[in-house]
Amino acid sequence: SVTQDKERQRRDYHVERPLLNQEQLEELGHWGPAPKTHLWRDWFRCSRARAHALLVQHVPVVGWLPRYPVRDWLLGDLVSGLSVAIMQLPQGLAYALLAGLPPVFGLYSSFYPVFIYFLFGTSRHISVGTFAVMSVMVGGVTESLTADKAFVQSLNTTVEDARVQIAYTLSVLVGLFQVGLGLVHFGFVVTYLSEPLVRGYTTAASVQVLISQLKYVFGITLNSHSGPLSVIYTFLEVCSKLPETVVGTLITAIVSGVVLVLVKLLNEKLKRYLPLPIPGELLTLIGATGISYGVDLQNRFSVDVVGNVSSRLIPPVAPNAQLFAKLVGNAFAIAVVGFAIAISLGKIFALRHGYRVDSNQELVALGLSNLVGGFFQCFPVSCSMSRSLVQESTGGNTQVAGAVSSLFILLIIVKLGELFQDLPKAVLAAVIIVNLKGMMKQFSDICSLWKSNRMDLLIWLVTFVATILLNLDIGLAVSIVFALLLVVFRTQLPHYSVLGQVPDTDIYRDVAEYSGAKEVPGVKVFRSSVTMYFANAELYCDSLKQRCGVDVDHLISQKKKRIKKQELKLKRLQKAKKSKRKASSSKITEVSINVNDSVEDIRSNDLEGSEVKVHRRDELENAAANSPEDVKAPNVTTLKSLGLPQPGFHSLVLDLSTLSFVDTVCIKSLKNIFREFWEIEVEVYIAACHSPVVTQLEAGHFFDESITKQHLFASVHDAVTFALQHSKSGPNSPVLLVFVGVLSQARGLEYNLWTLTGTSPPAHLGH
């Protein structure tokens, strides 16, 4: 214990400084407005260095490729690119199926966008290309629009070609949105997508992906469903058509799924000993294609296969502008979701490897990938979590790995694509479902969030349910609105606390939480856990009055009532004097007794010793008639003189350290707090305001003759110390307005004394 005491003393520090209010702090610290920076001047500044900086900023490959360490990184990037391409091939084919398109378009979407991102992206590790969530969003759009036969006829094409047109037109629109938002530095929009929201959304999307693949697993044909509750209708239809299951298709899907799971488990067990993971998906595709070709699964067992796969590159095609109006809403939702997934993964890898990802440039890079890809009939893409992890774990250091994988996909498109014509679609469905494992694990968030943060759990659950019931586009909008409303709701229910001083320190903590913290006698210190603004200003005032233990409104109301009674009493006295004036020809004088003379002084001393002023009766009446405010005598209206209870504290300190901004409602509320507590004879001080808040208070004309910067202190302790030093020992002695009637009688003088407080005149001033 002695050692602990010595150690504690060694850690003690002592500071001696004067008590500081805001005026003194500004004078001591030489406060002045921060210099303004004019960014627009830099925009129009032209130089060779600035041109190079702009080029590197918008085309990052120009900055890092010339400095690429070939000996150190090339081998790792080649191996990583090959590994990613091996995964990209089956996933591209499968996710095209998920988007409702022929599988070859998945290969196109795994080539063009990846190479564009290599030129413009800032993340060194994410793998851009087809992704399950994006594909199911595209599939929802293509399914819903092509379900209308009139719409397909208006395009004068087949249903399959109509879906392709919708997909690449959608990609162009998504790209335009992303590039436009990136150029106007709108990358911060992703901050409104919290992690629980994104995880709940992707989990719901994975459920939709799973349900959409059941028709390929069971080999059944389903009607097209779109709009709210489409997932529920699809699932119910799958259940109703289970008796129509094609057994060969179901067995193919089950065997493929089991093989994929076993290979993944084997990779997990042997990852320490394997230089590269076993390409289970590629081996499964090759094996299933060989078996399907050799056994003729399509004709003998009615197993649906991929069919014709083009072995050539398609020339660029302009998007169908007629579809823009129908696709603009879905395009914006897909653009936001795709960017949110990409930037979240990019920041994770950047933090892990110590480099910076520019969110605005990532938005531009992803937008250009979708925009250029759309002209080559690609559907919208983002980045894949599983491929990104493989790209990082197999030694990938830069996007050279992405370029290698895209070139490998190009080779497959040109030379090897037609070999997969006999690949069963059930195998692709099995690939998709097995790859949902990571997103399905996110259901464990429910347990972890229940223990850590139930508000985040509520966001997760609302996002999941809204996305399942209302579909991906409307579900995302509902989720964002709910999350923002929840933030507003939480600011309306903050934690309000009365603070007490921790003994022998200048630290103040909530007395309900810290048993050792004690309230300073005569001083109330109040704090809110959030900033005060229009949505919670009224709640702040109500909680303040409640925590102070004084019914301020009732006390002010009673005070006004008693003052009114005194005024009525004064009027009755004036009427009585008027009636006596008619009966008497003597003159009545008014005596004003100085505030320094108490009633006892009047009783003990002769009236001649007191400080008096004599006025003629007509002057008194004129003053009462012309200036009734003077007759009210506000100095008389103290709580004690009115017989009202006084608060148990003389000073109130508002800790405003949590204020980050103020609005007009906040300023008016603070002024009302000052006015109301002054009415009940409590001084109000504010403390610990940040400089921007003080500036906003000044701009809002908060400070005036009655509320000055001398009411604002640098810290709570400064305010409490000042309040204790300047506390009133008692209520001010009221100025007594005394009417003395001097009546001329034959036998002598008669004095009549009335006081507004209702006290009887002193005995020696009687008749």
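Cβ coordinates are placed from backbone N, Cα and C, and glycine is handled just like the others.
Any TrEMBL annotation is an automated prediction that lacks curation.
Residues or ranges marked as transmembrane segment by TrEMBL: 93-120, 126-145, 166-193, 246-266, 331-351, 363-383, 395-413, 457-489. Sequence annotations record features per position, and here TrEMBL assigns domain 'STAS' to 513-723. Summarising the annotation, TrEMBL assigns coiled coil to 556-583.
With a cut-off of 8 Å on Cβ pairs spaced 6 or more residues apart, the transmembrane segment (331-351) and the transmembrane segment (126-145) reach 3 or more such pairs and are scored as touching.
Here the coiled coil (556-583) returns a mean pLDDT of 86 for the predicted model.
Contacts between the transmembrane segment (363-383) and the transmembrane segment (457-489): absent, as fewer than 3 C-beta pairs lie under 8 angstroms at sequence separation of six or more. The transmembrane segment (93-120) makes contact with the transmembrane segment (395-413), as judged by at least three Cβ pairs under 8 Å among residues 6 or more apart in sequence.
When each of 126-145, 166-193, 395-413 is checked for Cβ pairs under 8 Å to the transmembrane segment (457-489), 126-145 comes out on top.
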